[in-house]
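J.: What Swiss-Prot lists as active site, pros-phosphohistidine intermediate is HIS118, and the listing cites similarity to another entry. Per Swiss-Prot, the feature ATP binding site maps to LYS12, PHE60, ARG88, THR94, ARG105, ASN115; the stated evidence is similarity to another entry. Residues annotated as region 'Interaction with AKAP13' in Swiss-Prot: 1-66.
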Amino acid sequence: MAHQERTFIAIKPDGVQRGLVGDIVKRFEQKGFRLVAMKFLRASEDLLKEHYIDLKDRPFYPGLVKYMHSGPVVAMVWEGLNVVKTGRMMLGETNPADSKPGTIRGDFCIQVGRNIIHGSDSVKSAEKEISLWFKPEELVDYKSCAFDWIYE
């Protein structure tokens, strides 16, 4: 069995407010990825500042933190073969205008400042983000009954 990796996916306040949570979760499930953790929360400013620490010197950073704090988010951990890379492909480009139809951003959003979803950009980032948003005991380990139908 090939190596299973994990990624962090967060549905942003605009995705929650627009009622897109179910559609997004469905896409990851239909692809064959396994949900390991999920929580619905209003993220604290401290958590968001730490999450986006790499962007702190960018001019849009304060607005990004304010926007992410403006409403609830759905934080998730997904697991599967190449889930980081494949998950990013499923999301589409950061700027929805550059996203292809069939991707989450290509289908559901218009502007970069309201692009409805975040996904880890590397395995290393995923590990950092997962540990920031979830305690180890919140990650549920189980074997999906569909596992043998998805993986050789």
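Each residue, glycine too, has its Cβ placed from N, Cα and C.
Keep in mind the model is a prediction, meaning the values are calculated, not measured.
In terms of burial and nearby residues, how do these features look in this structure?
T.: Secondary structure from DSSP puts HIS118 (active site, pros-phosphohistidine intermediate) in a beta strand.
ARG88 (ATP binding site) falls within a helix when secondary structure is assigned with DSSP. Long-range C-beta contacts of ARG88 (ATP binding site), restricted to its own chain and to partners at least six residues apart, with a cutoff below 8 Å, comprise GLY119, SER120, ASP121.
Shown for the region 'Interaction with AKAP13' (1-66): DSSP residue counts in helix, strand and coil, namely 32 helix, 15 strand, 19 coil.
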J.: Name the secondary structure element type, per DSSP in three states, that contains THR94 (ATP binding site).
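T.: In the DSSP reduction, THR94 (ATP binding site) maps to coil.
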J.: Just how many other Cβ atoms lie inside 10 Å of the Cβ on ARG105 (ATP binding site)?
T.: 22
J.: Express the distance between the Cα positions of ARG105 (ATP binding site) and HIS118 (active site, pros-phosphohistidine intermediate) as a whole number of Å.
T.: 10
